[in-house]
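Read the structure below first, then the notes.
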Amino acid sequence: MSGSIPFYQKHHRHYDRGYRSRETESAISQYQQSSSTYSSHSSKSEGGASPLPKRAKPTYLAMDKENQIIGYVVPIFREYHKRLNEDSLMHTPEFVIKPRSHTVWEKQCVRLHCTISGWPEPRVVWYKNNVSIDPMAKPGKYKVESSYSVHSLEINKCDFDDTAQYRVSAMNSKGETSAFASVVVKTPCLEYGVKFETHIVEKFGVSFGREGETLSFGCSVIIYPSLQRFQPEIEWYRDNKLLVQSKWVQMHWSGDRATLTLSHLNKEDEGLYTLRVITKSGFETHSAYVFVRDADAEVAGAPGAPLDVQSLDANKDYVIVTWKQPAVDGGSPILGYFVDRCEVGMTHWFQCNDTPVKFARFPVTGLVEGRSYVFRVRAVNKVGMSHPSRVSEPVAAMDPADRTRKGTSAPWTGQIIVTEEEPVEGVVPGRPRDLSVIEATKNYVVLSWKPPGDKGHEGVMYYVEKCVSGTDSWQRVNTEIPVKSPRFALFDLAEGKSYRFRVRCCNSAGVGEPSEPTEATTVGDKLDIPSAPGRVVPTRNTDTSVVVSWEASRAAKELVGYYIESSIAGRNTWEPCNNKPVKGTRFICHGLTTEESYVFRVRAVNAAGISDFSQESEAIKVKAAIGKSFMPSPTPPYGITVLECVRDSMVLAWKQPTFIGGADITGYFIDYREVIGGVPGKWHEANIKSVSERAYRVSELKENMLYQFQVRAANMAGVGIPSLPSETFKCEEWTIAVPGPPHDLQVQEVRKDSLVLLWKAPVYQGRDPVNGYYIDIKEAEADFEMWRGVNEKATNKTFMKVCIHGESYVFRVRAQNKAGVGKASDPTEPVEAVTKPGTAEIVVNVDDDGVISLNFECSNLTADSKFVWSKNYKEMTEPERMTLETKGTIFKTPSEEDLGIYSCFVTHTDGASASYTLSEETLKELLKISHDHKFPIIPLKTELAVELLEKGRVRFWLQAEKISANGKIEYVFNDNVIHQGEKYKMNFDKNTGVIEMFMESLGKEDEGTFTFQLQDGKATNQSSLVLIGDVFKQLQKESEFQKKEWIRKQGPHFVEYLGYEVTPECCVRLKCKVANMKKDSVALWYKDGREIKVNEKLDFSEGVLTLEITQISKKDAGIYEVVLKDDRGKDTSTLNLTDQANSSTQLKIQSTEEGIRLYTFVNYYNDELHFPSSVENKPNS
């Protein structure tokens, strides 16, 4: 195939399957070459791995004398004789496991250890505060050990002077590297009985950096009292995740200042950084955000680098690499991503995929067992390639069972130790187990299985086979080399096709039986790109920042986070506010220009891709908010009640504030205080994180104590003032048998004659589960005794439609169980029975596409209003069977599962709400209408018919009852479309709806089915006519006859063919009726082929030609023929007068005295008498 090569293939070495196979073969050949020399070397090494005894189950972990893992064993056999190429293994030292910081008490011992790879073997030196440690200078204080790649420093009987930063340095001929760890020694006697006060001063603020730069920030810390040799614990967090010392992160504590240094910034470093200073008396924190912008691209317009590259599900020769998409695409869509790999200790990167992958997850296969790898990812668009991402953490290609067999105390070193094994007589392995498809995209499918129970006497490898669904033709996928891991990724599958897969085990003894095949799997992305986030609301914060909130993306699966962009209003130049996806639906955008107006938009991200942008927000001017916010906070909640009480906790409920402020309530905060002797104590927070429900369990209370509670509501403007203190409640366990009170009563759909009451089940169920509810009603101004029941029989639902009539009412609900009816809920606020102006109902609609939807219009919407849809009065947040839109809900595939009551409530209004009951009868009617709209039919007046015209022409026709001028007709014969031409003539009269098709004649090839297919917009119809067998032959015969008749009538022709009559005079008159005669036309008479000379001139004025035969006798019998002809043609008519001429009357019957009489009269000519005679023939009676 010719064509230009994409730019990203011109300068990169592609790592296709063939290349992977060649590299694997090269690695195997190196192992084969190293056997003879390495066997003698390993026998001399101390602590080396011993050969396994015959038929013993092999272990692939090499251990030293202390049973510590020092490497990974790759078995080879004695027939391999060449040595490994040592030059190819030389690389700079690298920390596979770095030393970890420790905090210990005085007189304790501490041990720092690390694992270092490198060739030649590196020299390792330990430092304390950058001064090398000499164990011989202080005998017994320090102990330095090195065992293969594991190095350790042990400090004996630590004292306060051992608090320091320790560094380990590794060096060989290829280079040098270092790692750090801190040791903090605490002195218990100094801290005992002392209360510390901690103050963080000179705080770091919001910081901005760029990829590749180094960023440092910190705080000064003042601790009172200042005790000599006392040091606090210093912890740094990024997005609430504890940071550890690494080559990217360095932490320093000088005694009064904590500093964090981020080397070679990457977008992974972006986030909220928190310094936590910990003492015995508690801790103090300070937080600020760090933003990391993309480095300048090598090519203008290239995308930003991907981020957060991770290696998952590592196995012997397989690993899944994941990453996050960048916020910056360079101005053109990202075409996909390239994944690169590099072996630990090497510097050469190999590209793993030939073409860009759009899915942010990719399986890398073809790894060499026992080696460690790091990965990076690059993004590409039509302009160019991004910078590579930060490399992932190293991952070893090894069996997970081997990695975890010794626990985390035995780190993986990345070293390969080659041993030799005696070949043994093997056993063919059994079937693999539990084969399944664990991931499927349009680019690849990943299989997973478990090894067979019967593996034989050696390790097994696997062959993978595929088969197109519906067939039984199995094809081996990895024909060259079997895989070692119980995972496999299949590429080059046809998108949209369905496949089945199975796996076979193999070893030196042979190939085993296949596993059970998987279910049919269709190749395609199973994860959809998220929908665009909803409404974006900016809020003033400071002179250089704005708080941006938005509605979450609906039905988003495996959501990674959101990207926010800003633009100065009117410029349409968008800049990213964050370069690392943020979770949640609120973000503070920093670095904005004071007094400038900005608009914002948001996108959602998951592994499938990045969503469309949300709608732009309204413009907001950047300046500090007045007070807390320009929006008011909510008023206090009220009506605090207890729903359940046990020995050490109470469940509270309360009512929503009467005014929620300028934005939706985001949560509630609850405080409590003890009441002792009637004197309230100090308020304490019951919850640190806000709760969204209007019910909460306050825990860790004291039994039999009295408590009061208060609740505060919060929105984007802040936390409102607290409610009035509640009544005093005693914390004692409820033991009553009946249920507690229902709670959270709400009233919706208020009309002049009805309303809907909603409530929530009681928290305290009583001795038995709740089995029903009773609703009580009374006029708002009526006395307590006027409560009356609405329902005589308990309802098991948590809603009820109540009929009312023109008054103001209050309601309450009581729950019952087997033991009886429980305490009533708090009553609702008074509700006036009136239908407010502009009240609308839910309308069901079926559009032209047959889509059934429920729609609700609200006339008094506000900017913050939202439509909340419910089914059976339970909110539908992410319904599977419906699509929620702003003002309506759309049924995807309506069925009986969708029957129920659908309601809609509009927030930030005066209670606008309505409901619609979808019954079985209504659903059937809607489905019929939907089908008619989805598949409309063009009505026909007549079905397709056929008729013969003159000249033998055949006309096929039908008439549509109604069809527009845009209607289209398709003519089909035997499933083949036919078109206007010599054989077929088509006509469509759009005024009358008559559709015709003409054929000059019918041939044998025209036998079959004729169909007219009509289309008018979405409406369709068709009509068919079958012409086969005798029906077709009869029509064809008539057509040919009509054609011949037409040709005959073009010249002189007979209208009535030759016939005869007998006159009373016993003459026979031959006559025929002719037409289209002219002066030159002649008529010739023939008898038995001889022309008859007619004495008189023929006259055609009457159009009748006659010939009289007088005195007829037997000699006049014969075949008579008349020929008409002129220059236009001729016509012939023949009459056989051999036995036909007679002059008898019809046979008659008569009844007489003698019997029945049959008779007739015959006229005949007698030659002898020369005159006619009349004879009556009479039979004997």
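Start at 1 and count along the chain as shown; that gives each residue its number.
Every residue gets a Cβ built from N, Cα and C, even glycine.
According to TrEMBL:
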- 12-55: region 'Disordered' (REGION)
- 16-25: compositional bias 'Basic and acidic residues' (COMPBIAS)
- 26-50: compositional bias 'Low complexity' (COMPBIAS)
- 93-184: domain 'Ig-like' (DOMAIN)
- 211-291: domain 'Ig-like' (DOMAIN)
- 305-400: domain 'Fibronectin type-III' (DOMAIN)
- 431-525: domain 'Fibronectin type-III' (DOMAIN)
- 532-625: domain 'Fibronectin type-III' (DOMAIN)
- 636-734: domain 'Fibronectin type-III' (DOMAIN)
- 741-838: domain 'Fibronectin type-III' (DOMAIN)
- 837-919: domain 'Ig-like' (DOMAIN)
- 1052-1138: domain 'Ig-like' (DOMAIN)
Candidates 211-291, 305-400, 741-838; stretch with most C-beta pairs under 8 Å toward the domain 'Fibronectin type-III' (532-625): 305-400
Secondary structure composition of the domain 'Fibronectin type-III' (532-625) [DSSP: H/G/I, E/B, coil]: 0 helix, 44 strand, 50 coil
Model confidence over the domain 'Fibronectin type-III' (741-838), averaged pLDDT: 91
Structural state census, the domain 'Fibronectin type-III' (305-400) (DSSP three-state): 1 helix, 44 strand, 51 coil
